[in-house]
Amino acid sequence: SCPCDANSCIMSATLSNEPSSRFSDCSFSLPSRFSDCSFNQYSSDIIHYHECLLNEPSRTDIVSPPVCGNYYPEVGEDCDCGPPANCQNPCCDAATCGLTTGSQCAEGLCCDQCRLKKAGTICRKARGDNPDDRCTGQSGVCPRNT
């Protein structure tokens, strides 16, 4: 049994049919909580499998056309700091999603104040059997040495 304080839980086999939890006579309210079991499983997974959360998706994984201003640098964009009114990155031109004049990079563990760190600079310390990850001097992204 996986108790949930709400009328129905996310991932529940059924939705509550109680009138107090419905939007109207012909709809159900959407669950807003995970059951205790789901929450505990999620917490355990984060603790034991958190390494995969560090894997950034590749720009080529996106199948839709690039959209400047969505906070995600896609193919053809040097950076993406969101809409011009929200951009807080001095290295990125929010209107073009390109680097500002004189900038070499806009983000990443190998980027410091809009300048690329030197090749060989440690950007991520060794963990387990994996060696230190080092900057290439060509990108702000810290490559994974596996």
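All residue numbers here begin at 1 and follow the chain in the order shown.
Each residue, glycine too, has its Cβ placed from N, Cα and C.
Within 10 Å of the Cβ of C37 (disulfide bond) there are 14 other Cβ atoms, across all protein chains. The disulfide bond annotation in Swiss-Prot covers C2-C37 (among others).
What Swiss-Prot records for C4-C9 (among others) is disulfide bond. For the recorded site, C9 (disulfide bond), the DSSP three-state label reads coil.
The number of other Cβ atoms within 10 Å of the Cβ belonging to C68 (disulfide bond), over all protein chains shown, comes to 20. Under the heading disulfide bond, Swiss-Prot lists C68-C87 (among others), citing a curator's inference as support.
Counting every protein chain shown, the number of other Cβ atoms lying within 10 Å of the Cβ of C79 (disulfide bond) is 25. The annotation disulfide bond is assigned in Swiss-Prot to C79-C97 (among others) on the grounds of similarity to another entry.
The Cβ of C81 (disulfide bond) lies under 8 Å from the Cβ of Y71, C87, Q88, N89, C92, A94, A106, each of which sits 6+ residues away along the same chain. What Swiss-Prot records for C81-C92 (among others) is disulfide bond.
Packing around C91 (disulfide bond) is summarised by its Cβ count: 20 other Cβ atoms lie within 10 angstroms of its Cβ, all protein chains included. According to Swiss-Prot, the disulfide bond annotation covers C91-C114 (among others).
Other C-beta atoms found within 10 angstroms of the C-beta of C111 (disulfide bond) number 22, with every protein chain shown included. The disulfide bond annotation in Swiss-Prot covers C105-C111 (among others), and the record cites similarity to another entry as its basis.
What Swiss-Prot lists as disulfide bond is C110-C135 (among others). Residues near C110 (disulfide bond) in space but far in sequence (CB under 8 A, at least 6 apart, same chain), listed by position: L116, K117, T121, C123, C135, T136, G137, S139, G140, V141, C142.
DSSP gives C142 (disulfide bond) a coil state; it is part of no helix or strand. All chains included, 21 other C-beta atoms sit within 10 angstroms of the C-beta of C142 (disulfide bond). Summarising the annotation, Swiss-Prot assigns disulfide bond to C123-C142 (among others) and lists similarity to another entry as the type of evidence.
Across the domain 'Peptidase M12B' (1-57), mean pLDDT in this model comes to 67. For 1-57, the entry in Swiss-Prot reads domain 'Peptidase M12B'.
Taken from Swiss-Prot, the feature domain 'Disintegrin' applies to 65-146.
Nearest to C9 (disulfide bond) in space, judged by Cα atoms and limited to the disulfide-bonded residues C68, C79, C105, C114, is C68. Looking at C79 (disulfide bond) and C91 (disulfide bond), their Cα atoms lie 9 Å from each other.
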